[in-house]
């Protein structure tokens, strides 16, 4: 039954692959795609490793500024919330400028945020520098890296995504004890400066996110020069006399902003993938979102120099029009007419309320039980390494046709929530280590499958925009999650209520998606009856 559900998505990907040139098709499920996967992996090692080790910095900030746990936890919530809330904005930037450029800029933004945070005079300054600024930089790295992997893989998409995001667990395993050592040696100020330098390595990772097929056609510098100097116009013969304008999808072609084309007399459909053959040069894939309604000739000729955009519209006005079109595309109500997508958004909202609570408070809870600071840091390391195992192993398993990946996702959320709710009752170090391992494994399953299931629901063409909207909704809930848990601690004087609140939220997240599972099981029957 699960194989029946995936058939439309697989067929859609197969149709897109048929339209790719051979050089680009070789990178599907292999080739340069694995280099993109490596870049995604390293990005997650660094960014998530730094973020998820914030629990060690959190304890030091409590001692330095002597604020309540609720107020101090706002820093982590702002960072995570901005990472996710920036999803729609980052999605537009990625579509406009490409995943490569956005990732590189995000590395500089996040690094700057960490560096200036080391000189914060008060906690309010950290709200902006370590929370908002750094979080926005994380968002500019997070979304493009995952989307880039998804674009390069079809049959191995779950495995590749699992490998890419498994860097989060490795990063947590490494950075938690490292951050503890850095704090002991250089205080939290010095630890943030070192982390700022580490984040700049994401610049090199971003350079790997080439548009699909570009590494086999033209080098990026040559591509920019070519399309800056060469203006392409197509002859137009249509009844309406209108102009068909094709914006390039930045995920696949980030060095060219837009092309204006018009249909020729003899036209053929190409499912949104078009190639411009110029002399003896290799064909370059141009993806313009959904252009299946337009009939465009497969071969076009290069004309004499003319404005790249419409000659009747100024460049600035055209740029504004394209930006407005992207915003309308992002909030296309058609995407929100899908009940499955709406339920997925609700699920992510509840998940965000509880998921980040253990990362924020687990070290402090362990230290209140009499466990040393250094040993407490290894609890987060245990979460990290088991999280890596869960992402890779279950990502591989979910690619099997016999496995219902949505059911696996739902059950994992429920198990993760149950263990979180009872975590404060585990008074011994070994029992907390067991909880850390279970939380890491089953949260790893959900993270590795989020983008894959989303692609099944909305389709690969809308993945970037849908993923950005999911990040936005998740960011809203993250703003409330850890601070509410901190307030519950301040009121009750213990962590029991905090973890019960987090556990129930995660369980609800998984329970809601059983409605989606029920709907998908009914769909084949409905089709058969028709």
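Placed from the backbone N, Cα and C atoms, the Cβ positions cover glycine too.
TrEMBL lists 340-530 with the feature domain 'Major facilitator superfamily (MFS) profile'. Mean predicted confidence for the domain 'Major facilitator superfamily (MFS) profile' (340-530): the pLDDT average there is 85.
Per TrEMBL, the feature region 'Disordered' maps to 1-22.
Here TrEMBL flags 32-54 (among others) as transmembrane segment.
Annotation comment: TrEMBL describes 74-94 (among others) as transmembrane segment. Here the transmembrane segment (74-94) has long-range neighbours at 51, 54, 58, 61, 102, 106, 123, 126-127, 130-132, 134-136, 138-140, 142-144, 147, 250-251, 323, 326-327, 330, 352, 356, 359-360, 464-465, 467-476, 478-483, meaning same-chain residues at least 6 beyond its ends whose C-beta is under 8 angstroms from one of its own.
Taken from TrEMBL, the feature transmembrane segment covers 101-120 (among others).
The transmembrane segment annotation in TrEMBL covers 126-147 (among others).
The transmembrane segment feature in TrEMBL is assigned to 159-180 (among others).
Residues annotated as transmembrane segment in TrEMBL: 186-210 (among others).
Residues or ranges marked as transmembrane segment in TrEMBL: 338-357 (among others). Within the same chain, residues 76-77, 80, 84, 413, 417, 420, 443, 446, 450, 453-454, 457-458, 466, 469-470, 473-478, 480-482, 484-485, 498-499, 501-506, 508-510, 512-513, 515-516, 519-520 sit at least 6 positions outside the transmembrane segment (338-357) and bring their C-beta atoms closer than 8 Å to a C-beta of that stretch.
TrEMBL lists 377-394 (among others) with the feature transmembrane segment. Sequence-distant contacts of the transmembrane segment (377-394), counting only residues of its own chain at least 6 positions beyond either end whose CB sits under 8 Å from a CB of the stretch, comprise 49, 52-53, 55-56, 159, 162-163, 165-174, 176-177, 179-180, 358-359, 362-363, 366, 408, 412, 432-433, 436-445, 447-449.
Only residues 6 or more beyond the boundaries of the transmembrane segment (406-426), in the same chain, are considered here, and those with a CB under 8 A from a CB of the stretch are 2, 347, 351, 354, 357-358, 362, 365, 394, 397-398, 432, 434-435, 438-439, 442-443, 445-446, 449-450, 453, 456, 494-496, 498-500, 502-511, 513-514, 516-517, 520. The transmembrane segment annotation in TrEMBL covers 406-426 (among others).
For the transmembrane segment (432-454), same-chain residues at least 6 beyond its ends with a Cβ under 8 Å from one of its own Cβ atoms are 146-147, 150, 157-158, 161-162, 165-166, 168-169, 344, 348, 351, 355, 358, 362, 366, 369, 371, 378-380, 382-392, 394-395, 398, 405-406, 408-409, 412-413, 415-416, 419-420, 422-423, 426, 463, 466-467, 470. As annotated by TrEMBL, transmembrane segment applies to 432-454 (among others).
Remote same-chain residues near the transmembrane segment (466-485) are listed as 70, 73-74, 76-78, 80-92, 139, 142-143, 146-147, 330, 335, 341, 344-345, 348-357, 360-361, 450-451, 454, 457-458, 498-499, 501-502, 505 (criterion: CB distance under 8 Å, separation of at least six residues from the stretch ends). Summarising the annotation, TrEMBL assigns transmembrane segment to 466-485 (among others).
According to TrEMBL, the feature transmembrane segment maps to 491-518 (among others). Within its own chain, the transmembrane segment (491-518) is flanked in space by residues 340, 343-344, 346-351, 353-355, 357-358, 361, 365, 368, 404, 406-407, 409-414, 416-425, 457, 481, 484-485, which lie at least six positions past its ends and keep a Cβ under 8 Å from the stretch.
By the count of Cβ pairs under 8 Å, the stretch nearest in packing to the transmembrane segment (32-54) among 101-120, 126-147, 159-180, 186-210 is 159-180.
Long-range Cβ contacts of the transmembrane segment (186-210) within its own chain (Cβ-Cβ under 8 Å, at least 6 residues beyond either end) map to 32, 35-36, 38-40, 42-43, 46-47, 50, 57, 60-61, 64, 98-104, 106-108, 110-112, 114-115, 117-119, 130, 137, 141, 144-145, 148, 179, 220.
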